[in-house]
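For reference, TrEMBL has these:
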DOMAIN    20-292  domain 'NADP-dependent oxidoreductase'
ACT_SITE  Tyr56  active site, proton donor
SITE      Lys86  site 'Lowers pKa of active site Tyr'
BINDING   His119  substrate binding site
Amino acid sequence: MDRNEVPQVVLNSGKKMPMIGFGTGTVPLPPSHELIPAFIAAIEAGYRHFDTAAYYGSEGPLGEAIARAIQKGVLKSRTDIFVTSKLWCTDAHPGLVLPALKKSLQRLGLEYVDLYLIHFPVRLRKGVTGTKFMEGDILPLDIKGTWEDMELCSKLGLAKSIGVSNFGVKKLSQLLENATIPPALNQVEMNVAWRQDKLREFCTEKGIHVAAWSPLGANGAVWGSLAVMGSPILKNIATNTSNTLPQVALRWIIQQGAIPIVKSFNKDRMKQNLRIFDWKLSHTDLEKIKEIPQFRGFGGERFVAQHGPYQTLDQLWD
């Protein structure tokens, strides 16, 4: 597939974004000498949209890969690539957002990111590490104050677009009440087994694009499942359309108007995952996919605490 065939969408910020992203977060994270060649291979395959985060630990290797790709002539310049990074929860405090972004830019070796997201609607006490939190580690999120700092990042030109990740309808509504710059995108878990119909409808009404992490159900991750990759419905559609099952799952996301964030360090699968733009699922296929049982993969239990701001998972996600 020619790299120029990847279409783009226009965000509400006026900036263009490639309609498929390459994810760089994985546990455990491979060493830099493995990551950098993998990211360069993805660029060579045709990916022009890369998704990283302070929490992933992949900003440095990604920045190095971009620099090497420019040196090799695979990329003509920085403007040929779209980079997303995210604000981690320990920096989701008014006054800490801008310094956090500057540290991410330093690690990336870039003057700006194309998109900067609040990683979770969660604030953690500064200095907290790991995934097991103690009493008092999880604090109420100051949505208004944190978003004002995100807007400052935009006004300074350090983030061309700003948005959120893992925000439900209620929290998006709270953010929009005070925002002077609306979020350009909401990145959430989304796949055929977790369609996010209500949230996507709300985002469409508000002009907010949706990006889908875990588009294949995170098979292989601690919290992942075979809900997507083991689906007999998808297997049947893949056979009938002469596509792979992952291609069918990713094409479904594209036809919902969302942007899949794929993740594979296998060169053949990298290329296969890009071959989703020159064919369509039929109405019959789409109706059949609606029969797939719904199942949220990442529960987020770590952010729920008896005396914290979220005492139930429903409070966290909506």
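Cβ coordinates come from backbone N, Cα and C, glycine included.
What TrEMBL says about a protein is an automatic prediction, not a curated fact.
Comparing local CB density within 10 A for the recorded positions Tyr56, Lys86, His119, the maximum falls on Lys86. Taking the Cα atom of each, Lys86 (site 'Lowers pKa of active site Tyr') and the residue listed as 'active site, proton donor' are about 9 angstrom apart. Across the fold, the C-alpha of the residue listed as 'substrate binding site' and the C-alpha of Tyr56 (active site, proton donor) stand 11 Å from each other.
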